[in-house]
Amino acid sequence: MRLSLNNMNILLIGPQGSGKGTQARLLVEKLGFYYFESGEFLRKIAEKNETVKKMLAGGTFVPDKEIVSYVTAYLDEKGIYDNILFDGFPRSITQYDFLKSWLKEKNVSLNLALILEISEDETVRRLSARRSDPKTGKIYNLVTDPPPADIDRNLLVQRDDDKPEAIKKRLGWYKEQVLPLIAQLKNEIRVVEVDGERPIDEIQNNLLKEIESLNK
């Protein structure tokens with residue numbers, strides 16, 4: 001049974017490998033949120049914007065003001081201002097402040113931040129097990145989402161950014177940029193920290209319970 005959403009906007013935050021994508025898809029399916037996933041959004045921008053394409057290819061981040069302008073222009077074009085589930089955006093205090101001001105202009109706000117917490121060791125374990133199929137581009141995880149039996153694992157490849165050294169570098173960025181954002185969010189909206197190392201259904205039930213309580 002789908003809950004009736006009540007004009008809420010939610011942030012889903014967590015390090016790579018925390019299972020944000022999986023949980024987000026389940027929430028969208030059950031609750032009907034508009035799902036905004038920053039990684040996929042930026043990849044689409046990069047198809048038309050050479051500067052963004054070079055930034056992503058080089059592992060650098062699009063400047064805060066620039067990414068906010070892309071996001072808000074996109075949502076303006078769609079006419080979508082509430083019942084949004086943000087995944088991977090905002091990623092810094094600056095991005096958050098821009099987004100908050102923009103939403104205020106639309107007479108809506110951010111209502112809840114759901115934080116998926118996993119240890120650094122678990123992040124490395126999960127991400128270093130990721131493999132991609134060079135033919136189809138599909139991503140598998142040898143631990144949590146293994147390929148079907150008819151796929152030869154020896155033909156799957158590990159991306160450079162899924163190697164332990166690169167993963168730890170991204171975790172350093174997460175600690176530097178996202179943890180201060182979470183600290184600020186705690187002073188402004190409801191923040192719920194969830195153990196992301198439990199089974200998927202347990203985590204999902206936890207998230208649904210928090211959203212239900214906000215929706216009453």
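Glycine is no exception: its Cβ is also placed from the backbone N, Cα and C atoms.
Annotations in TrEMBL come from automatic prediction, not curation.
Among ARG130, ARG190, the residue that TrEMBL places alongside GLY17, SER18, GLY19, LYS20, GLY21, THR22, ILE139, TYR140, ARG198 at the ATP binding site is ARG130. GLY21 (ATP binding site) falls within a helix when secondary structure is assigned with DSSP. Take the Cα of SER38 (AMP binding site) and measure to each of the binding-site residues GLY17, ARG130, TYR140: the nearest one is GLY17.
Of the recorded residues, PHE89 (AMP binding site) and GLY21 (ATP binding site) place their C-alpha atoms 13 Å from one another. Here the binding-site residues are GLY17, GLY19, GLY21, and the one with the most other Cβ atoms within 10 Å of its Cβ is GLY17.
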